[in-house]
Structure formats: C-alpha cells, structure tokens
Amino acid sequence: MLKRRSNALITLSRTKLFPITTVAYYHRRLLNQQRRAVSTSPKKEIKSLEDLANLDSLDGVDTELIRDLINEHTTKLNIKKELDMLKKFSQEEESGHEIPVKRFIRPLWMFILMGSSVYLLLHFSWWKLEHEERESQLKKEVEILEHQLNELIIQDKTHNTSRGKGSNESTHMKPWYRRWFW
C-alpha cells in the first residue's frame, strides 16, 4: 500500500511473503502513472480553484494541492463572513448607543394629549367655580338693590300720600306737557 505525503512516497506492505518485490513493483507502477499523467496533462500552473475548474479531468492533479486550494478558499470565505459579521455587530452596537426618535414620538403624543385633557378639565372646573361665585355675588347685589328699591317705593308712597291729600287732583289729570307750559 502506498501513501503520499507532501512530495514523498511512503510505501507500506501488508503482504509478508514478498515485501520487497511488491514494494518495488508498486513504486515503479506509481511513478510511471505519474509520468504519464504529467506528460499528458497541460503544463499550466494551478493557482486557484478556477484553474482546476478549467481542466478536463483531475487525474494528474495532486490531491494535496486540491486540498490546499479548497482550504485556502474556505479560509477566505470564512474571513469574509467574519468581517461581515463584525461589521454587522459594530453597526448594531452603534445603533444601540443611538436612541431612535421614533421610540419617543408615541409616548410624547400620549403625554401631550393627557396633559392637554387634564388642563382642559381643570380649566373647566375652575371656570365653573368662578362662574358660580360670580353668580352668587350678583344675586346678593340684586337682593340688596331690590331691598333698596322696595324701601324707596315705600318711602315714595308714604311721601305721596301725605302730600297728595293737600294738592289738586286736577293737576295730576293734565298731561305733563300742559303742566309745564300752562
């Protein structure tokens, strides 16, 4: 059995009868296959996976080279994904530090509406109390004025009755314009 590591061939034999002849046979056979594969394959240098994709077959290509190219490409992709993830985390962190205004618009409107409704309610109750107080003051003034008017009417009646007995009733019957001019 042959194993390939980097650029050296390591031979292992599991048969104990003819170990030397089997090793030599396998060694020569593999070397011949490699020479044919190298001579028939195009002499391009394979540097990337795209170069491998352009080949017709992978018969003469070293498996370690393919493995290294695949690992290199996966490493590049992993690094790219990690960078994208780090950018995403940094953007989330920056956006986490900034407090969005949208977060406060609804509570601000709620506060304004609640505050204005409380203000209107208190203003209405204050206006109602002032109105009732003013109404009670005006009622008292009306009562005082009615009382004064009643007193004056009573005084006038008593004054007219005492004066009315001695004066002419005919003068009261004349119209006012005749009393002035005749």
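Numbering starts at 1 and runs along the chain as displayed.
Every residue gets a Cβ built from N, Cα and C, even glycine.
Residues or ranges marked as coiled coil by Swiss-Prot: 128-158.
According to Swiss-Prot, the feature topological domain 'Mitochondrial matrix' maps to 46-107.
Marked as topological domain 'Mitochondrial intermembrane' by Swiss-Prot on the basis of similarity to another entry: 128-182.
Summarising the annotation, Swiss-Prot assigns transit peptide to 1-45 and lists sequence analysis as the type of evidence.
Annotated transmembrane segment per Swiss-Prot: 108-127, in sequence order, evidence recorded as sequence analysis.
Helix, strand and coil counts from DSSP across the topological domain 'Mitochondrial matrix' (46-107) read 47 helix, 0 strand, 15 coil.
Note on the topological domain 'Mitochondrial intermembrane' (128-182): DSSP counts are 47 helix, 0 strand, 8 coil.
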